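Novice: Below is the structure I would like to discuss, written out as structure tokens.
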Amino acid sequence: MLKVAINGFGRIGRNVLRAVYESGKHQQIKVVAVNELAQPEAMAHLLQYDTSHGRFGKKISHDQEHLNVHHESGEYDAIRILHLSEIELLPWRDLEVDIVLDCTGVYGSKADGLAHIEAGAKKVLFSHPGANDLDNTIIYGVNHETLKDEHRVVSNGSCTTNCIVPIIKVLDEAFGIESGTITTIHSSMNDQQVIDAYHNDLRRTRAASQSIIPVDTKLHKGIERIFPKFSNKFEAISVRVPTVNVTAMDLSVTINTNVKVNDVNQTIVNASQCTLRNIVDYTESPLVSIDFNHDPHSAIVDGTQTRVSNGQLVKMLVWCDNEWGFANRMLDTALAMKASSQVEL
């Protein structure tokens, strides 16, 4: 049984805990602690009731020291609640934590990861790209087999790299990619304002529900980290739209082979049924963003939107639940880190 602690119980942290149970991975993963500065009552309430993902199927109760996840048998899992702002003070050694899932979005350097290890954790997985000095960045389904025992401080990438990198991999292996551009059409996030208010990014001073808002993105750097051969070959822009969840990615690539739409789509279908099963999905149903809410795949390609211009310019629309899909990949990567360890976790 892999013992994990969740540091930061916001959107991703809560989804990770919920995914442990909804995916059935509670047979493999035991959450022993959650570190969050918020009060236990609010933590329990937001875990039980979620605007985007609905009511959690497990009953949640709490006291001042524990979140309790109840099973139909009457038994429950007691998860220790911590309220510590300094990593060095976290009792990971006493709790015998194997992997810390750091979902704060604040910490992300090698030094931050090593601080968790000094506190007693064996390994650390960050829920965002983090610094360039980390031991590895994993996009599950693409490069998780590169994990080694000595990789102690690891990044799970971002929701958008988890969405687009598997598709880039499939297209490149099948047709050869020369270059590409991406537009991320991303749901609003909690770093935006409900009504106009101050922010150091002037576009993010504006009300999230009233505008399509361009924001900075380093997605191209995330692609280069996984595929160094694509250095300076991809560019990306991102806009936030007035929805609370689910993201669409508009991918355009120039390839080396002359293809038709069906060639591209069939390549994705084949991958979704084989090498990227449970990571990539494919649909031709006339769906909209809400239909992909709570979808555990990293990427869902809408084949009706695939276009080919002049044989070698390919455009695709790729969906993802930027919260739920990513949370499920955090668990997959954590288990892959366990599998790569020489010392049993």
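Yeah, the Cβs are placed from backbone N, Cα and C, and that goes for glycine too.
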Novice: In Swiss-Prot, the residues Ser158, Cys159, Thr160, Thr217, Lys218, Arg240 are said to bind substrate. Which of Arg204, Arg277 is said to bind at that same site?
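Specialist: Among Arg204, Arg277, only Arg204 appears alongside Ser158, Cys159, Thr160, Thr217, Lys218, Arg240 as substrate-binding in Swiss-Prot.
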Novice: Using DSSP, would you call Thr217 (substrate binding site) helix, strand or coil?
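Specialist: Assignment for Thr217 (substrate binding site) reads coil.
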Novice: Between the recorded positions Ile12, Cys159, Asn322, which lies closest to Thr217 (substrate binding site), Cα to Cα?
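Specialist: Closest candidate to Thr217 (substrate binding site), judged by Cα separation, is Cys159.
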Novice: If you measure from the Cα of Arg240 (substrate binding site), which of the binding-site residues Arg11, Ile12, Asn322 is the nearest?
Specialist: Asn322
Novice: Taking the residues the record says bind substrate (Ser158, Cys159, Thr160, Arg204, Thr217, Lys218, Arg240), how far apart in Å are the two Cα atoms that sit farthest from each other?
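Specialist: Pairwise Cα check on Ser158, Cys159, Thr160, Arg204, Thr217, Lys218, Arg240 gives a maximum of 20 Å.
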Novice: Quick check for the class: what is the C-alpha distance, in angstrom and rounded, between His186 (site 'Activates thiol group during catalysis') and Thr160 (substrate binding site)?
Specialist: 9
Novice: Taking just the CA atoms, what is the gap between Cys159 (active site, nucleophile) and Lys218 (substrate binding site) in Å?
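Specialist: With the alpha carbons as reference points, the distance is 12 Å.
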